[in-house]
Structure formats: structure tokens, C-alpha cells
Amino acid sequence: MKCSLRVWFLSMAFLLVFIMSLLFTYSHHSMATLPYLDSGALGGTHRVKLVPGYSGLQRLGKEGLLGRNCACSRCMGDASTSEWFDSHFDGNISPVWTRDNMNLPPDVQRWWMMLQPQFKSHNTNEVLEKLFQIVPGENPYRFRDPQQCRRCAVVGNSGNLRGSGYGQEVDSHNFIMRMNQAPTVGFEKDVGSRTTHHFMYPESAKNLPANVSFVLVPFKALDLMWIASALSTGQIRFTYAPVKSFLRVDKEKVQIYNPAFFKYIHDRWTEHHGRYPSTGMLVLFFALHVCDEVNVYGFGADSRGNWHHYWENNRYAGEFRKTGVHDADFEAHIIDMLAKASKIEVYRGN
């Protein structure tokens, strides 16, 4: 009887050890597959769960980013000290209109089509399908290398660039974004000579070197039809004004500004001040969403309070501070707020 009890107890003990071993193995395997980081690797006292985000992997709670997501001295994804910025910024909206986001939300479609209403309506998706047979229709900014620093210069057209001597500094950036006319020849010392991105609409378009990306800012379906025509048949010569029938740009570098991103800026950032944001605002927020570091040149008035373009000799030629289309004062306020939030560096010029 004693022998039987001893055998029974030994059997139970072996069974218990076997069950505990199974439980430990299962628990260890399950923990290894969960999206957590071990506290030892972080030098902390808690496990940290990772969640997907536009700027990289982020730590839950108030500790900020788990790690730097770029190699710049400051990164767009760095922990923000500005609740204002965090409440406005949405990294999930792509600034580029592509095959993947062709279908606009109904409210965006209605708003965009009213910017420059046309007598004849067009099926936007059909127009885009034809356009994307000519230009890539892909998002070139989808992936970011955290080991690199993508420094971007957003160069406006303000007269405060005259005599600034910013040219060499501007040219040192990875991306140099300009808009509309923006001549560089003869102004290299102040505005730089390099351009990587040129933002234009049909009525302001000009030929570009092969190494420059043409970013079309469309206000209507006809603008999409125009760029397709200008890169092929040359049939469209007029929108609401004469336009170039043919355009010499690199087809592989043509990008289309996303109307949903356009409206996001109008709703979240400029808050419906003016009918829609200025081209300068559109380019600035494009940069904020694709760059690691953003430096701003040539925005606002000059040191005398005059609003004009750097290629104009008449300092009073550009009195556009507040119109029915744009509210330059409010946009200047947004730029100041972004600078205070350490999201941009603003170079005021002369």
C-alpha cells in the first residue's frame, strides 16, 4: 500500500512538472510574438507596446517617441511640446494623389470642384486613369530611412530674399521646393540655384530641367486633363486663361497634389481663413509631411513691411496681405506657431 502511494505521488509530481513546463513554454512563445519591447533594451521598468504611426514606431503614453526616426538634429516625428501642433497634424493623409487614393471622399470632391467651377463636368477617376498611364501615379515618399536626414528648404517668393545671401545655404538641402514663377538665374546668391520640386498650376506652369519634379496643384478636373494633354497631344490651350499646350518636364517626376490634403490644410490649419490656402501654405505643409527637417525662406514681408516678389524692383508691387482668396496675416500666424513648436526654422531675410 505504501509503495502504491509512493508511486502515485511520484506520478503526480512528474505530471505537475510536465504541465508547468508546457505552460512556461507557451507563455514564453506568446510573449515573444507580441508587439512589445523588453524593458532591459530600453533601460526602463515597463514593457512598451508598439503601435503603427506615420513617423515611425511610437511609445504609448507621454514619454514620446521610442527612438529618433531620422538622423537630423531635429526630426518632424520628435516628441512635440505643442498640443496645438499635435491636435492639427495628421500624418495619415498623403500629400500626393496616386492610384491608391484616387477616390476622394464626397465632401472633398464637392469642395474641390467648387474651387474653380467648370461648365462641363468630368469623371475625375476616368481622367486620373488616363493620366496615370502617362505619369507614375505612385507615392515616392512612402518609405523613410531612419538612418538618413531629409532636409528640406521651402523657398517662397518674398522680396525679403533680396540681399539675404541665403543661396548657398538653400542649395545645401536635400529637397529644395519652389513655387510658381520663382526665377533663380540672376538671383543665385540670395535664393540658390538648385531646385528639386517645383509646384505650379496650369496657368503658372513653365518648362523644367529633367532633374526637377513638377508637382501639379490641380483646382479642377480640367487641370488633370491639361497635364495629360501637355505631355502628349497638346490639344488643351486654354482653361480660364491661356496655358502652355506642351510642357517640357520629366514625365517620371510628375506628381499630383492631393485635393484631400489641400482640404485638410484648409480645415485644420488655415481654418477657413480665405477661400483656400495660398500656394506657399500648400508647399510648406507638403514639406512637413514628407521631410525630416524643414527650413523656410522667403515668406512674409520684408524688413520695411512691404509685400512683393524678390524679382520685382517695385517694393509696392505685391500688396496682397489680405484678399478674398488668401489671408496672408493668418498664414503668417500659422508659420509663427510652427516655428514656436520647433517644427520649422524660419529665415526672415531683409
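One is the number of the first residue shown, and numbering goes on along the chain from there.
Any Cβ shown, glycine's included, is placed from N, Cα and C.
Record check, Swiss-Prot: substrate site residues include Q116, N157, N180, Y240, Y276, G280, G300, H326, and the candidate from H289, H308, H309 also listed there is H309. A disulfide bond in Swiss-Prot ties C70 to one cysteine from C3, C75, and that cysteine is C75. Of the listed residues C72, C291, C291 is the one Swiss-Prot pairs with C152, by disulfide bond. In this structure, the C-alpha atom of C70 (disulfide bond) lies 34 angstrom from that of H326 (substrate binding site). Ranking the recorded positions N180, N211 by how many other Cβ atoms lie within 10 angstroms of each Cβ puts N211 at the bottom. Long-range neighbours of G300 (substrate binding site) (same chain, six or more residues apart, CB within less than 8 Å of its CB): G156, S158, N160, W307, A332, I335, R348. Rounded to the nearest whole angstrom, the C-alpha distance between Q116 (substrate binding site) and C72 (disulfide bond) is 40.
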